[in-house]
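Everything below concerns the one structure shown next.
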Ligand SMILES: CC(=O)SCCNC(=O)CCNC(=O)[C@H](O)C(C)(C)COP(=O)(O)OP(=O)(O)OC[C@H]1O[C@@H](n2cnc3c(N)ncnc32)[C@H](O)[C@@H]1OP(=O)(O)O
Ligand SMILES: CC(C)C(=O)C(=O)O
């Protein structure tokens with residue numbers, strides 16, 4: 001069996017998804033989970049882009065010791081120096097430098113000739129190599145590049161010290177058979193290819209990112225770049241969980257294995273979804289809510305007789321629904337601890353006590369606390385948010401103007417009266433959002449609002465996802481509650497807190 005390395009770019013390309021803005025602590029939390037998931041390399045960020053990105057890469061490099069940590073850099077001196085500064089403390093650092101090689105990108109974006117791109121490649125890889133032994137070089141828009149030129153660039157990158165060569169399908173233009181042939185041609189024409197690992201990085205613009213990556217595995221590559229839940233620029237990157245389960249389920253086809261601990265998949269997916277504010281579509285492969293649900297009678301009959309009639313993967317394999325104890329308001333700490341253990345949710349004692357309190361509050365409102373509820377409770381991050389809900393109240397009806405009164409608390413304990421406002425709106429949620437806007441002193445433009453039940457049944461909790469524009473910045477937020485208005489307020493407030501954290505808005509001084 002060949003070994004395929006998983007290079008996870010959730011924290012870099014994934015964070016380039018419009019509306020996703022993770023703070024430093026959230027990135028560390030995700031990196032720690034990626035380590036448990038068994039990824040081989042975590043691309044922790046692009047250090048030159050902002051002080052926050054730099055800080056996140058530095059912190060992850062310092063704290064996450066069992067996984068290689070990569071930082072991205074353009075083929076520019078200042079980017080590589082900055083990436084190295086951020087990666088210095090890593091146990092196994094990798095500098096990932098890149099430059100575009102397609103005619104379109106070279107002519108219009110870089111405004112560089114082929115010779116200049118070759119010069120930048122040599123300079124960047126040599127400089128990176130003078131800092132770290134592990135250097136990845138990517139040819140951006142490789143799949144639209146001329147094969148012979150790309151092989152020339154890659155041959156030079158190897159001579160200059162690259163250890164990994166990455167072939168990105170940057171705009172998701174490739175189709176599987178063609179991409180496999182392209183990869184094979186590059187591998188044949190590049191001098192010294194046997195000394196390095198070959199990687200692919202596929203985007204999903206035509207919905208083919210996973211298919212193209214798998215075609216490249218058959219063509220002989222050693223590394224796949226991917227992101228949890230398929231997050232990433234535009235339509236996203238190849239989804240990590242789909243690649244891992246395809247390799248596992250169809251080893252007969254790929255003759256390859258990975259280090260991914262599949263039981264950690266569900267937990268990782270939910271954590272990323274929660275912190276990024278990007279919900280997973282219900283029919284998404286592997287991690288979608290319906291991925292293991294059987295609705296049709298003939299299917300249900302088949303599954304009841306023999307699961308493998310309609311299930312090619314068991315839910316347990318991805319860490320789903322392993323909760324055998326029914327949890328409710330009469331359950332105690334042992335039952336909760338056992339259920340968390342069964343789901344692979346590993347939390348320390350102090351956090352467990354807090355989770356137990358939250359569990360009791362929820363169990364008062366719901367008959368049964370489900371695995372989905374436990375994942376949500378455990379995902380509630382412990383970061384101190386700048387603003388939290390003190391109370392909320394809405395008045396609505398078909399014959400009156402919906403009104404909301406919102407009271408917030410500031411972490412610095414600002415005067416309470418200043419953080420209470422009332423507003424009208426077209427509906428109770430709009431009214432609540434206007435009241436929050438009044439408190440913060442800015443108009444958020446609600447671009448997207450989605451409400452869904454996290455489980456089936458009358459007492460399921462509601463999950464609200466929003467995307468909000470504050471001036472030119474777009475931020476996502478998510479809220480979960482047994483009350484849909486409260487879930488809506490929580491989601492909006494999370495977006496506000498993220499914008500506050502980034503310094504894009506400030507609580508108005510009165
Ligand atoms: C395919 C990918 O996903 S690549 C990664 C994309 N990710 C990002 O862009 C992350 C966020 N980016 C940023 O914060 C900013 O773009 C920065 C900090 C990287 C650069 O900001 P600025 O210096 O203001 O430049 P700006 O973004 O406007 O333009 C990019 C410049 O980099 C150049 N460039 C782009 N890629 C490369 C590269 N790989 N190597 C060298 N130069 C490059 C462009 O040609 C342009 O140069 P120009 O100013 O001479 O025209
Ligand atoms: C930097 C490279 C790997 C990239 O993100 C792309 O080409 O999509």
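Placement of Cβ uses the backbone N, Cα and C atoms for every residue, glycine included.
Under the heading Mn(2+) binding site, TrEMBL lists 13, 201, 203, 237. DSSP assigns residue 237 (Mn(2+) binding site) to a strand in the three-state reduction. Counted within 10 Å of its Cβ, the other Cβ atoms near residue 237 (Mn(2+) binding site) come to 32, all protein chains included.
If you look up TrEMBL, you'll see 4-266 marked as domain 'Pyruvate carboxyltransferase'.
TrEMBL lists 388-510 with the feature region 'Regulatory domain'. Taking H, G and I as helix, E and B as strand and the rest as coil, DSSP gives the region 'Regulatory domain' (388-510) the counts 35 helix, 49 strand, 39 coil.
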Around residue 203 (Mn(2+) binding site), how many other CB atoms lie within 10 A of its CB?
25
Can you tell me the three-state DSSP label for residue 203 (Mn(2+) binding site)?
strand
Compile a sequence-ordered list of residues in the same chain as residue 13 (Mn(2+) binding site), six or more apart from it, whose Cβ lies below 8 A from its Cβ; state 'none' when nothing qualifies.
43, 201, 225, 227, 231, 232, 233, 237
With every protein chain in view, how many other Cβ atoms are within 10 Å of the Cβ of residue 201 (Mn(2+) binding site)?
29
